[in-house]
């Protein structure tokens, strides 16, 4: 009984911290506040369309960036509360169009030829890893995505 109450209370605290603080920090309705930013999980788009959507909807902001462990945990909790198991885009992408993989092979030689089946220059979060590690995904596929913006 005591453990059940403790778990229920813990889930309530997480839910309130993700959903209730948005209004307190001048986030738009439904957006969640964390460390000076507002975050929202949207329905599926390709990586490029998701980034354009975030820029348009979020006054020039972008897909969510994850610069430290605390934010990674916040984003993972936000995605977990807002979805069934799935993949979600974040704002990470390989910008060098010529380079699919690492710039060097394990023997130290430079990558001058690639034979990769799919374009995996975009990154997202995977439910299989608890949404806490980044996975390379095909940019042209549509997944849910997390936008970030500054409070109003």
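Placed from the backbone N, Cα and C atoms, the Cβ positions cover glycine too.
Taken from Swiss-Prot, the feature signal peptide applies to 1-23. Sequence annotations record features per position, and here Swiss-Prot assigns disulfide bond to 27-38, 54-147, 122-139. Residues or ranges marked as domain 'C-type lectin' by Swiss-Prot: 34-148.
In sequence order, 47, 89, 92, 93, 94, 136, 137, 138, 139 are the residues of the chain that are 6 or more apart from residue 122 (disulfide bond) and have a CB within less than 8 Å of its CB. In this structure the alpha carbons, written CA, of residue 38 (disulfide bond) and residue 147 (disulfide bond) are 8 Å apart.
According to its DSSP assignment, residue 54 (disulfide bond) is helical. It is 38 that, of the disulfide-bonded residues 38, 139, has its Cβ surrounded by the most other Cβ atoms within 10 Å. Each residue contributes its Cα atom, and for residue 54 (disulfide bond) and residue 27 (disulfide bond) these two points are 15 Å apart. Between the listed disulfide-bonded residues, namely 27, 54, 147, the fewest other CB atoms within 10 angstroms of a CB are found at 27. Mean pLDDT of the predicted structure over the domain 'C-type lectin' (34-148): 81. In this structure, the CA atom of residue 27 (disulfide bond) is 12 Å away from the CA atom of residue 147 (disulfide bond). Under DSSP, residue 147 (disulfide bond) is assigned to a strand (E or B) in the three-state scheme.
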